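Annotation comment: TrEMBL describes Gly65, Ala66, Thr67, Lys68, Ser69, Gly70, Lys71, Ser72 as ATP binding site. Positions annotated as domain 'FtsK' by TrEMBL: 47-246.
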Amino acid sequence: MFEVTSREIRSGVVELRMTGYDVLRRVQMPARAERSTMRVPVALREDGDVHYRDYRTTPHALTIGATKSGKSVYQRNLVAELAAQEVALVGIDCKQGVELFPLARRFSALADNPDTAADLLDALIAHMEDVYQLIRAEQRITADTPDADIAADIWDLPDHLRPVPIVLLVDEVAELALFATKDEEKRRDRIITALARLAQLGRAAGIYLEICGQRFGSELGKGITMLRAQLSVRTAHRVNDETSANMAFGDIAPDAVLATVQIPVSAPGLAITGDASGGWSRIRAPHTSLRAAVDACNKHAHLTPDLPALDAFRPVLASPAVPVAIPAPAAPATP
Ligand SMILES: Nc1ncnc2c1ncn2[C@@H]1O[C@H](COP(=O)(O)OP(=O)(O)OP(=O)(O)O)[C@@H](O)[C@H]1O
């Protein structure tokens, strides 16, 4: 036997699971993992169970990890799974678009720099306010109809009225929170306030956040810890110090901090995931290549919804690709 894991199911009942080998060494997802609306399999747990990302029960998530710890592979895997769902994908990729732009065919809106990101977030807030108005209008009708359920979020609306849910993926969030000049500081405050508003109010309007970065703590300035408190699913890949592990789990699952600092460099992709319930587990996503994620996005490109509110940010798909000329280094001066 390789490992025994235990879990308290309810008071007085403990579940024991035994595994014969390390299932996380080479992750093989079960061929028939269950999929349902806004609930997708993203990784394998150490007890052999599938780990799901379920947006309707835990809407917002934070994923952290040092460089080369496996964050991009995790996020890529999530996008490849979400691509097949009826959902709008919106991305902010401050690594100049390197991670998300190859997946552009399945994205309804993309931003690759903080200026565009600030405008995109404002547009998302305007969209959220419109959805709230739609829910209110429907409530007024159902309040007068005996026995009708009163809508509290988009999932209670009739199918023909329901706006498409949106998953907003933010890669390398610290880039949005750093500033050097007064103007950049204003832009930073606008971005963080918009993200905090989306985290507070987005769920009912079907807007879900997936925030990813190397660190996400109070050193990034005001508003960050308030935003972090709304991100109830936490996933931490390998980190370089205990402070970073504390950023993910210090406030929700202190035991998980120790497990996070023990992740070895030799196992990229290995991560600890936990939520506000205090429970946590060791997981690893399958090693999805960028090619496989691009193929999944291209295959489901026809599912990409048009969101009029975000039209200005729809990625322009240039084909065929134009090679970018990199300037040659200057010749050394001759003596
Ligand atoms: N789940 C996984 N299984 C196996 N190998 C993995 C897994 N995740 C990542 N790796 C390996 O680790 C390498 C680095 O992963 P990745 O690019 O996702 O790191 P990262 O945290 O996004 O790094 P950076 O912040 O520098 O972009 C990958 O190229 C891959 O070879």
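Placed from the backbone N, Cα and C atoms, the Cβ positions cover glycine too.
TrEMBL does not curate its annotations; it predicts them automatically.
If you take every residue in the domain 'FtsK' (47-246) and average the pLDDT, you get 90. Of the chain residues outside the ATP site list Gly65, Ala66, Thr67, Lys68, Ser69, Gly70, Lys71, Ser72, Gln214, His237, Arg238, Pro268 have their Cβ within 8 Å of the site's Cβ mean position. The binding-site residues in question are Ser69, Ser72, and the one with the fewest Cβ neighbours inside 10 Å is Ser72.
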